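Asker: The structure under discussion is supplied below as structure tokens; questions concerning it will follow.
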């Protein structure tokens, strides 16, 4: 249960890192602190220490201490009653034995009274057992829930404070795996199962105590096998932990592939890359599968040995007990009785049985310890640059301070062999504009990262005034800087919250009072109310004056960044959610929001890394004018490839290959005729116009006008420009084109899923059967051995009954000895049989489970990758939830072919065998009710918190740059409250039924004893019959309790199976034809959805050879848009294309230009058939693709997206993804494409060359390098139609020149359509289409449009460098 503390409104205290942590950790007893320190040590000698470190090394609070203590005491108490029952049952045996051996004809009434009294005592003890069990399962369930919540917060806290270098080297998919798989494993291993295990150990110890008190000789003999139990537990745990670590590594990589693929579905579709991604995914799964099999076999051997030792020790006990009873029967001196021997054998037999039933728990605990160690490694890691720390000088002001880099060298940790900066030295004067230009990969963005102290130099230093940057408090430093990144990352919040993030760590004193509101839920609640229909003014008034001040500051910043008009045009205005990383906005919109976020804090230092690269020239010009106005007393550092945006800088620094080549003003550098002058010549668009002198004159006039404009006048001018008004209809969302709409919003259940009726159990089973069918022989073997295991309990009962019956003193000593030896031998044989059965069972089900898991995951990913974008764009259907289908749901389903189904079948076999045995011996008490099972609801809790964590890590540079660690932490904690509260409530009623299920066996046993004893006393049944049925019923009811504990897993698997069957049941275009993700059906009746890759999938990274290299086509494609209308499904009231008509002839180089949001990228989306138009025709090579099924036409189309995407895999694999589906690109073809894209030399210089592994999104490469890799991926396809969406926006002029020359060669036999804001890249186009408001308003050559199109001419003038 949650305990609110008084230290803060959230029940937390502030640490020296500035992050809120639970205040219950304060003022703990000294002994508890010492315990924590002991278990916090990195002692990994045994899994036991790892497990205790998990429990006690995470700073549990007072409530946790109380729950652990109470739960442990109750667990110990729950284990004691049954050995006490053994004493009572032993006395009952003596009473029954005396009765049956008596010569009196009628049963004495005293025996009946004694038996009734003891049965009542049994019932009382059973009630006590239930109470103790309910308490300990409840306490430990809450301990587990609180522990995983604590681990989540600590892990997230640790991730937030780590330096960027750490996250750069973090394995792809690692965070998702930690927060989904590992947390789930930890919760399973630290909840009610701990209480059950403690109760079992208590039972085991108490049983031996009772045994020693009753018959010390037998107890001492059996005590010798106890070390073997622990040896098996710890030895097996060691190997299980070893294999779990290996599995985790492979699964992390596989999960990364799934995540990146589902996040960039348009790229997957554009290149038909699903088969190659699926194959790479399968490779990782195969590697994990072998380790999983070893883990399963290890577990089964561990389990089997525990059974063998338990049964073998019971065989010894039977034999020794029979000898003692024989001595007693022969009148030899003996202090034992039949009841005493029975008590010893009974309690030790049952204790061994229960302990063996706990063997699966050892596997769970070992896995939890292993998962805990993985989390604790990150949690305890000390950050080299802690943005949350209070250390360092927080008083220094960056205003009017000179910034200097002194002989700085640097290389990124992910690629330590590659130098990025080499002896860089330059000064940045205060209150001046310094521009940094140069080739892509020259270190420009790295300089910005060092100024923000996202990294520290390897040698040299960065100084502010006379202070080293390391001496300044990191949070204070970053709070004094406004940053606009090359690829702006926004968090999945509203526009208001994203812009207001700039105020969170502002160094301005006037913003300090806003911090509590910024960290609280007020802005989130405000935007939610607006989205629900409330007016902005009313909602703001309700929230108070501070919120109104934040809203006003936000609007002012949005005005300065030229974003206010498109914001006002959105249905929810400032309350509009931007999606994960701003996926709901276009590239230009995101840049303007990011600029507003930087400007809102009124920073003394402004860092602009390609801040206007995604904007059209008019928008860029307006923003530049606004920046000139607000940066008069600001130190501004800008990085630019468009030299027009840098020419007015006070100082321009030119960099190449990590060195400063030259610096000075624009005029000085042009006069030197050096590197910069060459860049100017390459980029100057003025020379391409016949009206160059006119443009130069116009540029000078406009420059003078711009300097005289106030911000208000500027915005009035903007409203009159038809170009910028096109932004009001900004629906094309270029970022969204390559990322499904609402792609990474926080996981919620899709509306259509909520309304869809659930599948029946039969439909689910029928749909799941094709997944299981290939493993039917393994499953059959597992089921046979499960039945053998289940029936073995009945065999045990038969042997036990005959043994107890044969130990009656009514029989002679020799008979007792021979019977004891016989049944002891039978018990030993049973031990051997069960040992073999358990091993075969574990191996068979383990291998079947892994093969089913492999098949299910690959088929699920296949189905997901084949769904159209509109399916992925459905409301609430997010990559986060879809990844769960491939990972969590597939894993849950596979449990039905693994240990869960094995235990279930052995339990059912045990139950039926016990009932049948009871009926064979005509015991009426077997018809007594044994209780009912209750289904536990399966919950997908914490998905939102996981999504927040993954999003924060993906955007960690933005989080760090704006010191949003505390804000992200606050949002994260708020997301935990609802599922935490819900789960804690479920503990109360869920554990009631669990405790009842485990305790019911004792009551059934008491009832059976009472009824059976009456039958024996009445002379209707024999002792042998009674003692056969009694343990059979006991084992059956105990197995029912264990089966009840499996109900959550079975329920989980049932839901998972339903989800997966639903997914696989979706029909796709071409199911009846060749399945490109697999192979042709082997028979006509075979469902192609279940076609599988080979058991050993092809190595897609190694298989880069083909017998016949492909060649460039001889003819390009013709393209026509005829009266096309289109609206995005998410915004049906706003047109994206409005009667668009264009005609592109085969082999032409055509360009689409126009303002941001005018519909340019939407044309590409329709050309790729990501969507179908509402009306009109799209004709490619004479075929209307809107009326054709399938997308085979994409095989000869290549796309270079605006936002460049890399997948998990080598560089060669990423480029090879672009090859046509039926061709594997050769190494020569890959290198040729890279040379054309001017990236070959960069790749060749890497230590691993083309085998260099790209992390998810290729974050170890610069923006320009990723763009060239994307171009190479498109060129390796050798397309007939090449689509370029701002394909050179991140390139320097030299790289751009190389790429343009390469495209000129390709263009001879290929149709090229380019979207561009840099007009110098398309001035040679055969035809340029001017797109505004979803229509083509003009078309012609560059020269023709300069002459007659005013808006086009204005853009040319702005980009000219002749002035």
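Cβ atoms here come from the backbone N, Cα and C positions, even for glycine.
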Asker: With Swiss-Prot as the source, identify the stretch among 151-171, 172-192, 193-213 annotated transmembrane segment.
Answerer: 193-213
Asker: Quick test of your reading of Swiss-Prot: among 675-695, 696-716, 717-737, 738-758, where does it put region 'Disordered'?
Answerer: 738-758
Asker: Pick from 26-46, 89-109, 215-235, 236-256: which range has transmembrane segment per Swiss-Prot?
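Answerer: It is 215-235 that Swiss-Prot describes as transmembrane segment.
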Asker: Count the Cβ atoms, other than its own, that fall within 10 Å of the Cβ of residue 438 (ATP binding site), considering every protein chain shown.
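Answerer: The answer is 26 other Cβ atoms.
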Asker: Using residue 1154 (ATP binding site) as the reference point, find which of the glycosylation sites 552, 633, 973 has the shortest Cα-to-Cα distance to it.
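Answerer: Result for residue 1154 (ATP binding site): the nearest of the glycosylation sites is 552.
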Asker: Between C-alpha atoms, which of these glycosylation sites comes nearest to residue 1160 (ATP binding site): 552, 633, 973?
Answerer: 552
Asker: Where, among 193-213, 215-235, 781-801, 820-840, 992-1012, do we find the most CB pairs under 8 A to the transmembrane segment (301-321)?
Answerer: 820-840
Asker: Please name the residue among the recorded positions 442, 973, 1158 whose C-beta has the most neighbouring C-beta atoms within 10 angstroms.
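Answerer: Selected residue: 1158.
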Asker: Cβ pairs under 8 Å with the transmembrane segment (65-85): which stretch of 119-139, 193-213, 215-235, 820-840, 992-1012 has the most?
Answerer: 193-213
Asker: Restricting the comparison to the glycosylation sites 552, 633, 973, which residue's C-alpha is spatially nearest the C-alpha of residue 440 (ATP binding site)?
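Answerer: Comparing Cα positions, the candidate nearest residue 440 (ATP binding site) turns out to be 633.
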Asker: According to DSSP, folded down to helix, strand and coil, what is residue 973 (N-linked glycosylation site)?
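Answerer: It is helical.
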Asker: Determine whether the transmembrane segment (781-801) and the transmembrane segment (820-840) share at least three Cβ pairs under 8 Å, counting only pairs 6 or more apart in sequence.
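Answerer: Yes; at least 3 Cβ pairs under 8 Å.
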Asker: How big is the gap, in Å, between the Cα of residue 1158 (ATP binding site) and that of residue 973 (N-linked glycosylation site), rounded to a whole number?
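Answerer: The separation of the Cα atoms works out to 40 Å.
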Asker: For residue 552 (N-linked glycosylation site), what residues in its own chain, 6 or more apart in sequence, show a Cβ-Cβ distance under 8 Å?
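Answerer: Listed in sequence order: nothing, so none.
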Asker: What are the non-local neighbours of residue 444 (ATP binding site), defined as same-chain residues 6+ apart in sequence with CB under 8 A from its CB?
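Answerer: Result: 436, 437, 438, 609, 639, 655.
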Asker: At the level of the C-alpha atoms, what whole-angstrom distance separates residue 1156 (ATP binding site) and residue 973 (N-linked glycosylation site)?
Answerer: 37
